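Quick look at what TrEMBL lists:
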DOMAIN    130-223  domain 'Mandelate racemase/muconate lactonizing enzyme C-terminal'
ACT_SITE  K151  active site, proton acceptor
BINDING   D176, E202, D225  Mg(2+) binding site
ACT_SITE  K247  active site, proton acceptor
Amino acid sequence: MRTLRCYPESWPLHSAFVISRGSRTEAKVVVVEIEEAGIHAFGECTPYPHYGESESSVMAQLALVASAIEQGVSREGLQQLLPAGAARNAVDCALWQLECLQNQQSLWQLTQTAPVAHISMAQTVSIGTPEAMAYSASALAHQGARLLKIKLDDHLIAERLVAIRSAAPEVTLIVDANESWQPEGLAARCQLLADLGVAMLEQPLPAGNDDSLQNFIHPLPICADESCHTRADLAGLVGRYEMVNIKLDKSGGLTEALLLAEQAKSLGFAIMLGCMLCTSRAIRAALPLASGARFVDLDGPTWLQHDVDDGLHFSTGAIDLSA
């Protein structure tokens with residue numbers, strides 16, 4: 001018999017994280033703990049208000065299925081028990097860890113993925129004045145970052161990007177508009193990004209406006225984030241995007257994320273691996289997907305004032321897994 005515990009946590013950020021939808025000063029997560037035969041396994045999710053989620057809504061979802069979880073639901077059964085989203089992610093990842101501990105196997109072994117000792121990743125520059133964003137980009141580049149993810153909204157696009165490119169001329173840039181742009185003017189903005197050497201544009205249009213990208217000629221790859229949660233979304237993205245951003249909180253855990261990555265690749269999509277603001281608990285569960293991703297964006301814990309005690313070893317632009 002299993003025992004389930006669920007509880008919210010709040011982790012202060014060292015500085016405000018600003019995207020087109022607003023600003024955050026803390027990471028609000030929900031932790032799932034499953035105990036079975038003296039073994040304790042943990043999963044973590046970040047409820048996302050944009051998807052209609054909150055700490056209380058996730059806790060309510062978990063309460064509804066607590067009995068099934070305690071009676072031993074499998075990861076496969078969980079996929080029918082809860083919809084894709086944060087709540088399912090936390091339980092799914094806890095079940096993966098439980099299976100690892102019970103079988104004395106690593107997550108790499110359980111997922112049949114070759115382990116890696118080092119993961120290069122993006123560092124995020126959140127929205128601010130052109131000067132502030134350029135300063136952040138320069139500082140991150142000097143600290144060793146080779147890939148910067150630039151958050152943008154619908155304002156000062158050229159001014160911000162020109163300032164950033166001037167401050168960090170050697171780094172690779174990717175841009176994330178978080179659904180804040182419209183079809184009008186998109187072609188000119190894509191050309192501006194290409195002229196500045198931007199390697200990829202993430203989710204420029206609101207999810208649901210993907211048909212505007214059909215037959216849209218663009219000089220750099222476009223990645224679906226908010227438009228891609230699970231395998232069910234892929235058919236509507238073909239011919240409109242070249243890449244999909246996989247996040248466990250969207251897919252509802254590693255179980256669906258692995259299948260999503262496999263099917264996306266079979267359809268010709270490149271993979272970006274992303275995360276929400278979270279602790280290392282959430283990042284560990286996503287690591288088996290990193291080696292198959294063109295871009296890895298797992299810097300969520302680097303925004304925290306402090307991480308969990310047994311956190312991963314982050315440096316600027318990298319995760320060191322060699323220890």
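Glycine too: its Cβ is placed from the backbone N, Cα and C atoms.
Burial estimate for the active-site residues (K151, K247): highest at K247, by number of other CB atoms within 10 Å.
The subset of recorded positions (K151, D176, E202, D225) lying with their Cα within 10 Å of the Cα of K247 (active site, proton acceptor) consists of D225, given in sequence order. In this structure, D225 is the one among the binding-site residues D176, E202, D225 with the smallest number of other Cβ atoms inside 10 Å of its Cβ. Secondary structure by DSSP for the domain 'Mandelate racemase/muconate lactonizing enzyme C-terminal' (130-223): 38 helix, 17 strand, 39 coil.
Between D176 (Mg(2+) binding site) and K151 (active site, proton acceptor), the C-alpha separation comes to 5 Å. Shown in sequence order, K149, I174, V175, A177, N178, L201, Q203, C223, E226, N245, M272, G274 are the same-chain residues outside D176, E202, D225 whose Cβ sits within 8 Å of the Cβ centre of the Mg(2+) site.
Annotated pair K151 (active site, proton acceptor) and D225 (Mg(2+) binding site), C-alpha to C-alpha distance, rounded: 13 Å.
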